[in-house]
Amino acid sequence: MQPTFEDWGLIPYNVALKKQEEIFNRKIEQKLLFQSDIPQEFIVCRHPHVYTLGKHGKSTNLLADEQFLKRIDASFYHINRGGDITYHGPGQIIGYPSLDIDALGLTLRTYIEAIEESVIRLMNDYCIRCERLKGATGVWIDADSDKARKICAIGIRASRGITMHGFALNVNTNLDYFNYINPCGFTDKGATSMQKELNSHFDETTVAKQLYEKFIDLI
């Protein structure tokens, strides 16, 4: 079954997390009952300013205290995905693919690689040369230099082949918010966006749909 495209629009992080968990738990129950018609969904959305820390992340990678977060209108959540700390906010495409990767013939590793490759190919269409960074997930520009900067972060949770959480692609993102964290735990690497790289504003819905098409082509 080919994943369908679903856009939740602008949604608070905690609301989206609850929706994800409900879908995730329901699909695991379906799988335990050996149901073969589990929906495959490529979900995207946008969030107000929020920082999320993965289950094995270090809280010291958040460089701001609670008072400062209130001042910049940002919230914080410690969650059960992989990866360290990252930022979500306006101008960013957040992807929460809810998939049965077993049914798609994917492992967790090949699923992550499919997301990375989808972003790399889409960015190439926009003349932004991206690549992987050895030992790290996500998509990078100038990965092997002292100018390495991440354009897409990835953090996944999977159980019984069902996925939740996903990726964050910086399109028109306010990159100042990355100054208050060590992105993904790195102290020597920065963040970038399509807007910064090309000095142009992009329609986020269009980019999200294009990324979905790249992903479908790969799987």
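For all residues, glycine too, the Cβ spot is worked out from N, Cα and C.
The feature domain 'BPL/LPL catalytic' is assigned by TrEMBL to 36-219. What TrEMBL lists as substrate binding site is ARG81, GLY82, GLY83, ASP84, ILE85, THR86, TYR87, HIS88, ALA153, ILE154, GLY155, GLY166, PHE167, ALA168. Under the heading site 'Lowers pKa of active site Cys', TrEMBL lists LYS150. Look at TrEMBL and you will find CYS184 tagged as active site, acyl-thioester intermediate.
Sequence features, as recorded in TrEMBL, placed on the structure.
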residue : record                               : Cβ within 10 Å
ARG81   : substrate binding site               : 19
GLY83   : substrate binding site               : 23
ILE85   : substrate binding site               : 25
TYR87   : substrate binding site               : 25
LYS150  : site 'Lowers pKa of active site Cys' : 26
ALA153  : substrate binding site               : 26
GLY155  : substrate binding site               : 25
PHE167  : substrate binding site               : 26
For TYR87 (substrate binding site) and LYS150 (site 'Lowers pKa of active site Cys'), determine the Cα separation and express it in whole Å.
12
Which secondary structure state does DSSP assign to GLY83 (substrate binding site), in the simple three-class scheme?
coil
What's the CA-CA gap between GLY83 (substrate binding site) and LYS150 (site 'Lowers pKa of active site Cys') in angstrom, rounded?
14
Distance between PHE167 (substrate binding site) and LYS150 (site 'Lowers pKa of active site Cys') at the Cα atoms, whole Å?
12
Cα-Cα, ARG81 (substrate binding site) versus LYS150 (site 'Lowers pKa of active site Cys'), nearest Å, comes out at 19
I'm trying to understand the geometry here, so how far is the Cα atom of LYS150 (site 'Lowers pKa of active site Cys') from the Cα atom of ILE85 (substrate binding site), in Å to the nearest whole number?
13
